[in-house]
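Asker: The structure is given below, and queries will be raised subsequently.
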Amino acid sequence: MGGYRRQPKVQFSLYTFTIYSSILKSTQGYDQSTLDTISVFKDLGANAGLLSGLLYSAAPGRPWLVHLAGALQCFAGYFLMWLTVNGTLPRPPPAVMCFYMLLAAHAMTFFNTANVVTGVHNFPNYSGTIVGIMKGFLGLSGAILIQVYQTIFKSKPSSYLLLLALLPTITSLLLMAFVRIFKTNEEDEKRHLNHFSFLAIVLAAYLTATIIIQHILKLKLYVRVITFVLLMLLLTSPIFVAIQAQRDKSYRLLKSLLEHNQVSDERDLPAEEGTSIGQDHGEYHEALNGTNDDALELREDLNLLKAMGTISFWLLFFTTMCAMGSGLATVNNMSQIGESLGYTTLEINTLVSLWSIWNFLGRFGAGYISDYFLHVKSCPRPLFIVMTLAAMSIGHAMIAFGFPGALYAGSILVGVCYGSQWSLMPTIASEIFGKAHLGTIFNTITIAGPVGSYILSVKVVGYIYDKEASEHGGTCIGTRCFMLAFIIMASVTVSGFLVALGLFLKTRNFYKHVVLRRLLHSLRHSTLPVDVLN
């Protein structure tokens, strides 16, 4: 069960900066510009994961080392921030606080790399599903932590900072020994992954209902406590899936021992069956060694520099920049968009809170559904980037024209399609470039997100809004405030759609001749008894 019980997810702290940003501002005497600068360093640290990828590649088979490095950084960054906020340490220069924030956020790339890359190694035939599950829980983490804060740390943001210093660190230290690469029986693991997926959907549905009810009704404390306890029970329920998986593994081992006397008979397979598997194995190597350009270029695991020398890397980088950049620009400006379109404070808060849910649906759904179509319909995974970018363009256009309910519909489309990139991109990178250096490759591509966000948030959305507001006394009301900006972002995602289409056309033969044959061979190989394989 190397793919889920052994994958602690502790990256939630990045999604709740708004909770403790106010106390940073008040206790340190920062203006809004300084606070925004600290937030930029948060985003920079969270997306600059090259070091974590290099460490994973330098210590193969020891992902716990990557977790340990992340735990130390996480504790140091948040604990120093907490000591500063409560007055134990003297007020540092803003540059030092930016370093604390960078350190804390940078830790999350180590947790992410250790979990995602190990999951892909453990579930090579269902990499989309396992990455979708882990990224999906990360998408829910913001909503979960907000529930923790509202129930336990209400009006105590300094105590919440201490929680961020301790909880991810302790969780990682306790569970990092379980993060290992295992040989798994894919047929059985898929069944357990489906159970895990069901629990994830139940958790997301419960959080959605809780958020909506809390924004409509003013719940009493005891009701909040009850809903929080139920949330914790749902959050820990996947452990029972892991326990059942361990029982199944023990049963298979026991059955193998009991049938040991029959192994010699099983080795004498009929000639046609032995030929079938051998023939498939030969066809697989023939595909790898064929004359197809994509197969020749990408047949081996590539390191970062070799991957960057391929067109496919930069096509994937550009589509990531368009999708993640425009998605981040949307959520960063959700409150201002709602205000300009006349939405109430309750409606705006609900939209912002539900973003985590749409994010989860995209992350989990894209991974699971793309796996299904790859296995059943032989559909190359890059096609799903094409479809999500097309849908994202429609979402941006809806927000741009601002008709009644447009922000609801548009934010759902953008949120789901933005989330989908987080599971599609690492999975596609592992299939095209290989798993050996996946940590460095997908972390480098991830940098495209904040690059696109900076360009679209600051140079497009912020610039156009400030220009409109300056012409109307410093405030802006109506569709004109963001219409042009979101038309530009819709155009950006259309360009990303075209580039993704190019990536799909370029790699479809590679998927047909390499990925699908490799998948078929692996699935047939995994269904043979262990003793036969050995």
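Yeah, the Cβs are placed from backbone N, Cα and C, and that goes for glycine too.
Got these off TrEMBL a minute ago, pasting:
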type	residues	note
DOMAIN	15-243	domain 'Nodulin-like'
TRANSMEM	64-83	transmembrane segment
TRANSMEM	95-114	transmembrane segment
TRANSMEM	126-148	transmembrane segment
TRANSMEM	160-182	transmembrane segment
TRANSMEM	194-213	transmembrane segment
TRANSMEM	225-245	transmembrane segment
DOMAIN	308-511	domain 'NFD4 C-terminal'
TRANSMEM	311-331	transmembrane segment
TRANSMEM	383-401	transmembrane segment
TRANSMEM	407-429	transmembrane segment
TRANSMEM	441-465	transmembrane segment
TRANSMEM	477-505	transmembrane segment
Asker: Residue list, the transmembrane segment (225-245) vs rest of chain: Cβ under 8 Å, 6 or more residues beyond ends.
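Answerer: Distant Cβ neighbours of the transmembrane segment (225-245) are 1, 4-5, 144, 147-148, 151-152, 188-189, 192, 195-196, 199-200, 202-203, 206-207, 210, 219.
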Asker: Which range out of 64-83, 126-148, 194-213, 311-331, 477-505 gives the transmembrane segment (95-114) the most CB pairs under 8 Å?
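Answerer: Looking at each of 64-83, 126-148, 194-213, 311-331, 477-505 in turn, the most contacts to the transmembrane segment (95-114) are made by 64-83.
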Asker: Check the transmembrane segment (383-401) against the transmembrane segment (441-465) for contact, please; criterion is three or more CB pairs under 8 Å, pairs 6 or more apart in sequence.
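Answerer: Between the transmembrane segment (441-465) and the transmembrane segment (383-401), which are separate recorded stretches, there is no contact, as judged by 3 or more close Cβ pairs.
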Asker: In the same chain, who gets a Cβ under 8 Å from the transmembrane segment (477-505) while lying at least 6 residues past its ends?
Answerer: 312, 315-316, 318-319, 321-323, 325-326, 329-330, 333, 336-337, 339-342, 380, 382-383, 385-386, 389-390, 392-394, 396-397, 399-402, 452, 456, 460-461, 464-465, 468-469
Asker: Out of 126-148, 160-182, 194-213, 311-331, 441-465, what stretch is closest in contact terms to the transmembrane segment (407-429), meaning most Cβ pairs under 8 angstroms?
Answerer: 311-331
Asker: Does the chain bring the transmembrane segment (311-331) near the transmembrane segment (441-465), so that three or more CB pairs sit under 8 Å (pairs 6 or more apart in sequence)?
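Answerer: Taking Cβ pairs at least 6 residues apart, the transmembrane segment (441-465) and the transmembrane segment (311-331) are in contact, with 3 or more under 8 Å.
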Asker: For the transmembrane segment (194-213), I need the partner stretch with the highest count of C-beta pairs below 8 angstroms, choosing only from 126-148, 160-182, 441-465.
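Answerer: Against the transmembrane segment (194-213), the leading stretch is 126-148.
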Asker: Kindly state the mean pLDDT of the domain 'Nodulin-like' (15-243) in the predicted structure.
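Answerer: Over the domain 'Nodulin-like' (15-243), the predicted model scores a mean pLDDT of 86.
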Asker: What residues in the same chain, six or more past the boundaries of the transmembrane segment (441-465), come closer than 8 Å to it by Cβ-Cβ distance?
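Answerer: Distant Cβ neighbours of the transmembrane segment (441-465) are 43-44, 47-50, 52-53, 109, 113, 116, 302, 304, 307-308, 313, 316-318, 320-322, 324-326, 328-329, 332-333, 336, 425-426, 429-430, 433, 476, 481-482, 484-485, 488-489, 492.
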